Amino acid sequence: PSWLVCLRTNLSLFFPQILLCFSAVKSFSSPAAPLISSASRRSQATAAPRHSTMSNNIAMEEEDGFGAKKLFNQGFSYTYDDVIFLPHYIDFPTDAVSLSTKLSRNIPLSIPCVSSPMDTVTESHMAAAMAALGGIGIVHYNTTPSAQAAFIRSVKSRRVPIQSSPIIFSPDSRIVNEFDDPAVPCVLVTESGKPNSKLVGYVARSDWSGEKQGAKLSDYMRPADESLVVPSNYDLDKLDSHLKQQERERDFAVLAEEGGVVDVVTKEDVEKVKGYPKLGKGTVSSDGSWMVGAAIGTRDSDKERLELLVKAGVDVVVLDSSQGNSIYQIEMIKYVKRTYPQLDVIGGNVVTMSQAQNLIAAGVDGLRVGMGSGSICTTQEVCAVGRGQATAVYKVASVASQSGVPVIADGGIQYSGQIVKALVLGASTVMMGGFLAGSTEAPGQYVNKLGMHQDGTRVKKYRGMGSLEAMSKGSDQRYLGDKSKLKIAQGVVGAMPDKGSVLEFIPYTMQAVKQGFQDLGASSLPSAHELLRSQTLRLEVCLAPLSLLVVSFLNFLRWHARN
């Protein structure tokens, strides 16, 4: 009957989680494994007076929560939302919390944030913004090797987290409808009509009129003078000063380097960035350029891609695979370390200790942890393989820390509390996709989706690299299926609402993370890890599935009463 189908569906959704929770409670409270520290056991054995009060006895026998070692060795796979930390002791202000960390053995960061190598998350604009914030961006490889190398060069050549797409023509070209876009301040003219050639002139928006539509640019363009062009390594303060001096002439400047045009920056762009929380030095390499990473695969063709990336100045490479414990990745790790010994290489993805040990033995400088934990990843549902992200981070970090290999918690981040959990459980950084998708710096154009959002919210496309759409562009090798005729989707395509700039919301997120660390009594990532290892920090399992079961059962009763 239909009512039985409804009941069975509701129970099947939540019964396994309820069983897991009650099994966990039973195992934690088992007399065979009482949660009493060794110090407590010793104190009990040393002749406690018989006249001790009952409250003292209770205090010795009872403890708040469980240590991480106890919690994560019960055979259960916990996500971030399955566990909660109990507060500890505070003896420092929030501003005393330091979130400085390492991405890999040799890449220090000011904040533990990494943008994911997804083609709807990280290209040059996102990577530049992440570096300016003190994190780092990993540029995706779902494009040609030359295009990926161009993204790297773009990041390395600038010192401001501002990026436009300047329109560049040759002197013989004609403007048609380029100024229909109100965001276009000018059209640049170079000798060849390409960025990598000499700038000879420009047409400002204020100079344009439809009457000139059929004329060659060379007939009416303004010549490029010294005040128009500034070095691409100008920082925000220098750009601001230059634009103020030139505001009577124009409200934009051209960033250029020896090889040609880099970008166009307007006074409005500079003022907008100045209105965001103040930026620090950022993540910079020894030559003062921003640090940036790139993802590559494990095929022979990726060795040629890697060569181009190294020439472009990449600082770290990430071997991108949904299951990194393979002969293909191990051989690529050894190749990278042998060919480019000064280049850090990050392996993964892994979720178990044995996977991590294999890649550490191969020579990785960092490990990426997560399998099926992303918001648009369906690996666990499609392949029945993976692990809850909280358990995966704790287990891998417990092994990696012994070798001094930093861990990147990849996926499952939706809000600041999950960042706190990932970092305290042993991760050095968190890699974010959906959390950054839809931002100003994410690739793609905004569109109004009236059908999806009745208020006409602007959205950008966000897709998993395991989606069939992304696979058609080349990401299928990430799933070791590039030679297969049948493509099996392990991700979906969606859209993210406009979130504004990462330069604005990431600083607020980091402040929330600092407050979480303060509540736990941890003033830094190393101190948080030590508090976890020493069993000082305690955790409990959240019984949210129980409330979900109750709600579902009540819904069933209402449905049955109506029918």
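In case you wondered, yes, glycine gets a Cβ from its N, Cα and C as well.
Worth saying up front: this structure is predicted, and the values here are computed from it rather than measured.
Among the features that TrEMBL reports, signal peptide is placed at 1-27.
Feature annotation from TrEMBL assigns domain 'IMP dehydrogenase/GMP reductase' to 78-530. Restricting the average to the domain 'IMP dehydrogenase/GMP reductase' (78-530) gives a pLDDT of 88.
Here TrEMBL flags ASP320, SER321, SER322, GLY370, MET371, GLY372 as NAD(+) binding site.
GLY372 (NAD(+) binding site) counts 26 other C-beta atoms within 10 Å of its own C-beta, drawing on all protein chains shown. What TrEMBL lists as K(+) binding site is GLY372, GLY374, CYS377.
Per TrEMBL, the feature active site, thioimidate intermediate maps to CYS377.
The annotation active site, proton acceptor is assigned in TrEMBL to ARG478.
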Checklist entry - Among ASP320, SER321, SER322, GLY370, MET371, GLY372, which the record lists as binding NAD(+), how far apart in Å are the two most distant Cα atoms? => result 14
